[in-house]
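For reference, TrEMBL has these:
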type: TRANSMEM; residues: 12-30; note: transmembrane segment
type: TRANSMEM; residues: 42-68; note: transmembrane segment
type: TRANSMEM; residues: 74-91; note: transmembrane segment
type: TRANSMEM; residues: 103-126; note: transmembrane segment
type: TRANSMEM; residues: 159-179; note: transmembrane segment
type: TRANSMEM; residues: 215-236; note: transmembrane segment
Amino acid sequence: MMPLPTPAALSPWQQAEAWGFLVLTIALYFGAKRLYLKRPVLWLSPILVTPGVMLTLLVLLQVPYALYYHHTQWLTWLLGPATVAFALPIYQQRDLIRRYPLSIALGVVTGVVVGMASSWALSWLLNFPDGLMRSLMARSVSSPFAIPATLTFEGQPEMAVMCVLVTGVFGMLVGQGWLGWLQVREHVAVGSAFGAATHGVGTAKAYQLGQVQGAVSSLTMIFSGIVLVLVAPWVAPWLG
């Protein structure tokens, strides 16, 4: 991938285009959020509407996703403070977390291992290009952790962010039903599953199910991201 110009090197038209992407993305999100508050239907969720509309516009206008990501990557950076903010409910539920350290630890380890293994297996079965496979490896952790891990895997951060979003949305849509079908109803187990597999989007869903599920999901999400970043240098050489 060719390096993109820095903001200082952009022409006035390109700078206007960059601001247009930012304003449109933010406006779409808050507009969809207002609509969702009035009609809380899953398919009107801003986490679905905003990327869906933006992706359609990028395709119609033939704008490369890498260029869009370059102009709006500070929005991805904001996921860092958002992830840290989950520490508040973790602190509020600290007594519960002390009671189930093994369950949470198992959720973290299982989530990281299964996330990487399933990404590699899917890439092998579908014969994905090497770059896409490396970008998929961190799809099950939050973007602030997925980006540095993907750089270690020598993947493409902008592609990794898209994979993270798709994974989170898919988990939000089917996670509760899938866990119900598997007869997984214990609060800690549900929260651990959402946090380990579907990161921030799944954690938001876990909070809708209850404070315990949400707090455990938050902790599992953060620890999963930390563990993946730490083990990525040892995993990367095995990717070929």
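Cβ coordinates are placed from backbone N, Cα and C, and glycine is handled just like the others.
Curation does not apply to TrEMBL; its annotations are automatic.
Proximity of distant same-chain residues to the transmembrane segment (42-68), defined by a Cβ-Cβ separation under 8 Å and at least 6 residues beyond the stretch ends, is recorded for 1, 4, 21, 24-25, 28-30, 32-33, 35-36, 156, 158, 162, 165, 168-169, 172-173, 201, 204. Within the chain carrying the transmembrane segment (74-91), a Cβ under 8 angstroms from the stretch's Cβ atoms is held by residues 22, 25-26, 97, 142-144, 147, 161, 200, 203, 207, 211, 214-215, 218-219, 221-222, 225, all 6 or more beyond its ends. Through the fold, the transmembrane segment (215-236) approaches residues 83, 86-87, 89-90, 92-93, 96-97, 100, 104, 107-109, 111-112, 115-116, 137-138, 140-142, 144-146, 148-149, 152-154, 187-188, 190-192, 194-196, 199-200, 202-203, 206-207 of its own chain, all at least 6 residues removed from its boundaries and within a Cβ separation under 8 Å.
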